[in-house]
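Over in TrEMBL, the protein carries these features:
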type     : residues                                    : note
BINDING  : 169-176, 194-198, 215-218, 285-288, 314-316 : GTP binding site
BINDING  : SER176, THR196                              : Mg(2+) binding site
COMPBIAS : 36-46                                       : compositional bias 'Gly residues'
COMPBIAS : 464-496                                     : compositional bias 'Basic and acidic residues'
DOMAIN   : 4-162                                       : domain 'Obg'
DOMAIN   : 163-333                                     : domain 'OBG-type G'
DOMAIN   : 352-432                                     : domain 'OCT'
REGION   : 17-47                                       : region 'Disordered'
REGION   : 65-87                                       : region 'Disordered'
REGION   : 451-496                                     : region 'Disordered'
Amino acid sequence: MAIPTFVDRVTLHASGGNGGHGCASVHREKFKPLGGPDGGNGGHGGSVILKVDGGLTTLVDFHRQSHRRAENGQPGKGGHANGANGDDIVLAVPDGTVVTDADTGEQLADLTGDGTEVVIAAGGRGGLGNAALASSARKAPGFALLGEEGESRTVTLELKVVADVGLVGFPSAGKSSLVAAISRARPKIADYPFTTLVPNLGVVVAGDTTYTVADVPGLIEGASEGRGLGHDFLRHIERCAAIVQVLDCATFEPGRDPVTDLDVIEAELAAHGGLEDRPRLVALNKVDVPDGHELAEIAKPELEARGLQVFEISTKSGVGLQALSFAMAAIVRERRATLPPPVPPRIVIRPEPVAGADEFTVGRENELWRVRGVKPERWVRQTDFGNPEAVGYLADRLNRIGIEDKLLELGARAGDGVAIGGADAVVFDFAPQIDIGAEILSRRGEDQRFAEERPAAVRRRAKDRAYHAARADDAYEAGAAHDGEDVEGGDRSDDE
Ligand SMILES: Nc1nc2c(ncn2[C@@H]2O[C@H](COP(=O)(O)OP(=O)(O)OP(=O)(O)O)[C@@H](O)[C@H]2O)c(=O)[nH]1
Ligand SMILES: [Mg+2]
């Protein structure tokens, strides 16, 4: 099989790089056994980005390599060393590339204009190291956050040529000849059908208007059912301001004449759909041939009676070409005047998450409570479930945005299953803090050694105890109650 050089529809599997894990490390130095947390953050994973390059006309590069994966972020290290970010992969696509999610069918972007970009697979965030997780309440976290996996997405890239005018007609009607006659493009021209296998673009200058003309492969009756080259190529004229019907006035094929040809092609355009509103021009071609001229003269009044603008032309002699190219320019100008001003070419369209960043939803599914939300799902992915301290930190984060309260409000009970996330959800047993609170003697992530090693605090506590003991002797009845309070509140009141 020949190696294709023009490819206008491809499937691309893209994966962002994973984020690097954060590092949990404690600074060590002689005579300073607990120098504080110094684990650095993981780097972010690289993203896969598509960017329009006006010089490209085909998606053939993707045909050869259909899997792309951006670089991972590096893990953080001790000594506050952050991991390096992974490099993005920027893939050049031709102007007019439409990006669709292959799994959902949702259109992600319609890339027009040189330099326009879209992120199709975002890299994962790097995890925070324990230095960044330390706070006044959690002085020495013994854990770090995991880097998130990069996004993975399969997209379909489809090229819809950006041309102002589209030429349609039977094979050998002279479409490519017309492009060659009015522009500097040099498409292949021959007297056999289906000479043109891929769309050709030509730039036409008519007066002070410059516009592009696309010549698509010839259509025949039944093209919409796949006959001939099919009508697939018609998507290349979906963006056109005008459609020119090129009719062959010098064909000897039985059953064909310009008016019949026009009806057949219109039926194929209708079967493709979406082109009804486009203004039409009719070019009766090959009037340099005597029989062709005669036939054109017969067909012209009939076509004009339908309200069509008709031009008798010859790409050989050049007759009628100027009038036709100026008529095309007029339609293009009119259309450009009604279009909104061009969008800035360097927009980055990043698919937005469905729910707001802060929000979460709780639903009941059979025996399971299901929590969905951008943040809670990210926090779960960042958690090292082998580290109880990290799991505790996750519970704190989930509580802070009110997930536990919401579950209690909805009637969840200790021991119920709670799934956080969608298909790859992590399932927990619901264990509300109010039940287990008594077991927590200090805050998660707090290192008791810090508190215990402060001699001043130890002395102060001893003094307090002596004072209360003395008071208990004085007020004998209240003594027992005082002792109880002391045990409960003693260590905790320090940091409130
Ligand atoms: N006499 C004459 N022949 C023409 C004219 N225009 C095109 N032809 C001839 O018609 C044949 C087909 O022309 P093409 O331009 O290749 O036709 P096409 O519509 O692009 O055909 P496909 O690409 O197969 O769909 C060629 O042999 C041309 O030389 C014309 O104005 N007069
Ligand atoms: Mg052709």
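Cβ atoms here come from the backbone N, Cα and C positions, even for glycine.
Sequence features, as recorded in TrEMBL, placed on the structure.
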residue : record              : Cβ within 10 Å
GLY169  : GTP binding site    : 23
SER172  : GTP binding site    : 22
LYS175  : GTP binding site    : 32
SER176  : Mg(2+) binding site : 25
THR195  : GTP binding site    : 17
THR196  : Mg(2+) binding site : 23
VAL198  : GTP binding site    : 20
PRO217  : GTP binding site    : 25
LYS286  : GTP binding site    : 26
SER314  : GTP binding site    : 24
Reading the DSSP string in three states, the entry for LYS175 (GTP binding site) is helix
Whole-number Å distance separating the Cα atoms of VAL198 (GTP binding site) and SER176 (Mg(2+) binding site) is 11
Students should find that the Cα atoms of SER314 (GTP binding site) and SER176 (Mg(2+) binding site) sit apart, in Å rounded to an integer, by 12
Rounded to a whole number, how many Å is the Cα of THR196 (Mg(2+) binding site) away from the Cα of PRO217 (GTP binding site)? 5
State the Cα to Cα distance, in Å, between GLY169 (GTP binding site) and SER176 (Mg(2+) binding site), rounded to an integer. 10
What binding-site residues in LYS175, VAL198, SER314 place CB under 6 Å from ligand 2? LYS175
Measuring Cβ to any atom of ligand 1 with a strict under-6 Å cutoff, which of the binding-site residues SER176, VAL198, LYS286 qualify? SER176, LYS286
For the region 'Disordered' (17-47), the DSSP helix/strand/coil residue counts are 0 helix, 4 strand, 27 coil
On the domain 'OCT' (352-432), the mean of the pLDDT values is 85
Hey, how far is PRO217 (GTP binding site) from SER176 (Mg(2+) binding site), Cα to Cα, in Å? 9
DSSP-derived helix, strand and coil totals, residue by residue, for the region 'Disordered' (65-87): 0 helix, 5 strand, 18 coil
